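> Pasting in a structure now, in structure tokens, and then I'll have a few things to ask.
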Amino acid sequence: MRSKKMTHGLEKAPHRSLLHALGLTREELARPLVGVVNAANEVVPGHIHLDDIAEAVKAGVRAAGGTPLEFPAIAVCDGLAMNHEGMRFSLPSRELIADSIEIMATAHPFDALVFIPNCDKSVPGMLMAMLRLDVPSVMVSGGPMLAGATLAGRADLITVFEGVGRVQRGDMTEAELDELVEGACPGCGSCAGMFTANSMNCLAETIGLALPGNGTTPAVTAARIRLAKHAGMKVMEMLERNIRPRDIVTEKAVANAVAVDMALGCSTNTVLHLPAVFAEAGLDLTLDIFDKVSRKTPNLCKLSPAGHHHIQDLHAAGGIPAVMAELDRIGLIDRSAMTVTGRTVGENLDALGAKVRDADVIRPVDAPYSPQGGIAILKGSLAPGGAVVKQSAVAPEMMVREAVARVFDSEEAACEAIMGGRIKAGDAIVIRYEGPKGGPGMREMLTPTSAIAGMGLGADVALITDGRFSGGTRGAAIGHVSPEAAEGGPIGLVQEGDRIRIDIPARALDLLVDEDELARRRAAFVPVEKEITSPLLRRYARMVSSAATGARQR
């Protein structure tokens, strides 16, 4: 066993002494040592209950004959970090999470690991660490938050973000917004829609690194505690059978993950996270693969922000197994892919009797919400390296549009213009120098997109950025424009009043300026350089790759 590096042999007597100082007995040290990575904290609503999940995991490990040893991981709440300097640190935290777990699990060689994340960067960060370490592992997340219940109906965090714009527009009073604020997020869990956290938790289940039910079982249920106990027991089986993460994460898992991503209408952040995760297993997931799969995968779900359903509805409708079973009907699921159950995807679906229980929440493949997947990859003169849009959340009027560029070099400047009423129908807001390198940190633009929606401009205004978007964003929000402005990309050459053509069905994003004029602008171009006071962000800006390759650190 791997843990023998610190428990066995004459020369490891000092190590055993330190382990006994933890209160561990000889009998406990003779059993497999299982690291339990717990991202609990009292800051993030999706993580405040993770100690309960960890206790259940440890009970499962002990029941199966192991000795659990818990250690912490950080987690950022993107909602709390939104629209201020803190958002620059959210995406960098993904690599920091992966690196710190690698440090802990190598310095203290556990035989197996159970990972307990929940929110946006903690899930991909832990998946990256899992594949990097490649010891028998299982992930069990904290689960989704329930939707809020208000006098106006169901609500979630995005309802509140958009409420700010509605107040500004005069459609809602501040008193009504205050009521919404207190009711939209009723308790623990990852925010209730198909936002980034739930997208990644659902895809961890799809990939096979988490047990069935991981993506959709609500945080507040006893079923989530039972799932955590099963995860603790299952990791012991993985250890006994020597099934490792890289045995599970193969090209088959990549194909399944992208297909389910498109069927669910997941967050555009999956286009950053999945390539970074799969790269740890030596697999290359490109933008072209995303687009190829999107073109042939029907969009079966319209969960918030694209529609009125929430993750609890997806769970009641059959969850991820039901979505996979539906896609399996048209050959889009590789049933032979291995999972942490110790069985293949096909064996899991058969054992679960996976089927759709609500055809409004999970549409049949022959009557989908749309014939193509939730995410589209655009290319053109404005984004030669690619750009990303959640087409399932775009108003029909904005699928093909020629718009007038309104150019801003920061999110704050754009928000001021939107809230000040200076953005009109037919405008395309261009926010640049918000990419991985230029931000640095590639902030999410949820505040401006929510303001656009709240002010009733969602079917009339586009937002184009080298930054990224929250999974809660809806509308013609085109992000990850590559190359970014800080690297000399064409988005840095756009001027106020330029015309931009958006053609999502044709996968095109073009700046309608002739080549001679662009050449003149390029010759005079000097990228904006920001003063970066944070050592971490300075390192990040030097090391981060393009958004087109997952914003990975080199």
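Even glycines carry a Cβ here, placed using N, Cα and C.
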> If Swiss-Prot says Asp120, Lys121, Glu444 bind Mg(2+), which of Asp78, Asp156, Asp409 does it name for the same site?
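Within the candidate list, Swiss-Prot flags Asp78.
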> Cβ-Cβ under 8 Å from Cys119 ([2Fe-2S] cluster binding site), same chain, 6 or more residues apart: which ones?
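Counting only residues 6 or more apart in sequence, the Cβ neighbours of Cys119 ([2Fe-2S] cluster binding site) under 8 Å are Val44, Gly46, His47, Ala75, Val76, Cys77, Asp78, Ser190, Ala197.
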> Cα-Cα, whole number of Å: Asp120 (Mg(2+) binding site) versus Ser470 (active site, proton acceptor)?
9
> Applying a 10 Å Cβ distance cut-off over all chains shown, what neighbour count does Asp120 (Mg(2+) binding site) have?
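For Asp120 (Mg(2+) binding site), the count of other Cβ atoms within 10 Å is 34.
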> Take the mean position of the Cβ atoms of Asp78, Asp120, Lys121, Glu444, the recorded Mg(2+) site. Which other residues of that chain put their Cβ within 8 Å of it?
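Output for this site, in sequence order: Val76, Ala81, Met87, Ser90, Leu91, Cys119, Thr196, Ala197, Asn269, Ser470.
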> Please report the number of other Cβ atoms within 10 Å of the Cβ of Asp78 (Mg(2+) binding site).
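Asp78 (Mg(2+) binding site) is surrounded by 29 other Cβ atoms within 10 Å.
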> Please report the DSSP secondary structure of Asp78 (Mg(2+) binding site), reduced to three states.
helix
> Which binding-site residues (Lys121, Cys191, Glu444) fall within 10 Å of Ser470 (active site, proton acceptor) by Cα distance?
Glu444
> Would you mind reading off the Cα separation of Cys191 ([2Fe-2S] cluster binding site) from Glu444 (Mg(2+) binding site), to the nearest angstrom?
16
